[in-house]
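Going by TrEMBL, these are the annotated features:
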- 43-290: domain 'G-protein coupled receptors family 1 profile' (DOMAIN)
- 27-51: transmembrane segment (TRANSMEM)
- 93-122: transmembrane segment (TRANSMEM)
- 142-164: transmembrane segment (TRANSMEM)
- 194-218: transmembrane segment (TRANSMEM)
- 239-262: transmembrane segment (TRANSMEM)
- 274-292: transmembrane segment (TRANSMEM)
Amino acid sequence: MPMEVSNITTVTAFVLLGLSTNPQFQALLFVLFLVIYLLTLSGNLLMVVVISTNSHLHTPMYFFLKNLSLLDAFYSSVIVPKLLENLLSRWKTISFIGCFAQIALVLFSGASEACLLSVMAYDRFQAVCHNLMYMMVMNKRVCAGLVMACCALGIGTSLINTLLLVEQHFCGPNIIHGFACELPPVLFLACSDAYTSITTILATMVIMGLGTLIPLLSSYSRIIVTALRINSATGRSKIFSTCSSHLIVITIFYGSGFFRYMTPASGSVLEQVISVQYSVVTPLLNPLIYSLKNKEVKAALRRMLARKSQLTF
C-alpha cells in the first residue's frame, strides 16, 4: 500500500498475486504445498540425522551433504510458509521490510548453495584423482573452513544485492506477479533509475555464477578424464555412480536458477512454473536423489530403522 509524503508516494507493502485467484484451486494448492513442505523438512532433517548418527558417514562428502540438507530446509522455510499464508489469506500482502528480508535470505541461501555444490565437486575431484592424499587434504578443519567460506560468500552476496535494492525508490505499482519476493520482479517495480543497481546486481550474479560453475566444471572434467583412463569397468562404474547424484542436483539447481535470475521478469506461466520448481520442489528432490542413488545412505537408513524397531519391541 502506498503512503504519500511531501507529494511523493512511497510503497510500504507489496501485493503478491500468487499462482491463482480461484478459491478452490488455492485450497488445492495449499494442501499440495503443505505436503511438499512437510516432506521437504522431513527428508532433509532425516538426512542430517542419518549422517550425524552413523559413523560410517562421517566423511567429507557426507559432511557437505549434511550442510546442503540444512540449507535446503532453511531455503524452503524462507519461501513456503508465506506462500501457504497467502493461499489462505484474502489480503495477499507482504510488508516492505518483510519483502526485502525474504529477498536477502533467498540470496543468501542460493549463493551459499551454489558455493557448496562447487565445494562438493572439488571434494569428489580430490577423492577420485588424489585418492591417497584425500583424507589429509580434506581434513575436518579444511571441510569446516570451506563451509564457513560458503556461508560468508552467501552473506556478502546477499548484503550487496539487498542494499542496492533498498536504495531504489518504490512509488507504485506495488504488485508482484509471483508468490514470493524475488530480486528480478521487485527490481522491475523501482521508480528511480535502476541502471547502476541492475548493472551491479547482474555483475555480482555473473561473478557468483561463473566463480562457482567454472571450478565445478573443472573438477568434473578432470574426474571424467581420470575415470576414462581406468581399465576396470567396475572402477569406472563406481566413480560415475558416486558422482551421478551430485551431477543431477547441479543440473537442476543451475538450470532452473539461470532461467529464473538471468531472464527478464515477465510474470508468465512458464516463469511461475520455474519459480515453483526452483523454490518449492528442488529442496524436496535433493534428499530423494541422494538417498535413492546412494547405497551407503540407504544402508545407514536401514540400520537406523532396524535399531528403532528393536528398541520399540
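Cβ coordinates come from backbone N, Cα and C, glycine included.
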Contact set, same chain, for the transmembrane segment (142-164): CB under 8 Å, 6 or more residues outside the stretch: 60, 63-64, 67, 100, 103-105, 107-113, 115-116, 119, 183, 196-197, 200-201, 204-205, 208
Segment confidence, the domain 'G-protein coupled receptors family 1 profile' (43-290), expressed as mean pLDDT: 84
Of 27-51, 93-122, 239-262, whichever stretch has the most CB pairs under 8 A to the transmembrane segment (194-218): 93-122
Sequence-remote partners of the transmembrane segment (93-122) [C-beta within less than 8 Å, at least six residues beyond its ends]: 1, 11-16, 61, 64-65, 67-68, 71-72, 74-75, 78-79, 82, 146-147, 149-151, 153-155, 157-159, 161-162, 165-166, 170, 180-183, 186, 208-209, 212-213, 215-216, 219-220, 246, 249-250, 253-254, 257, 279
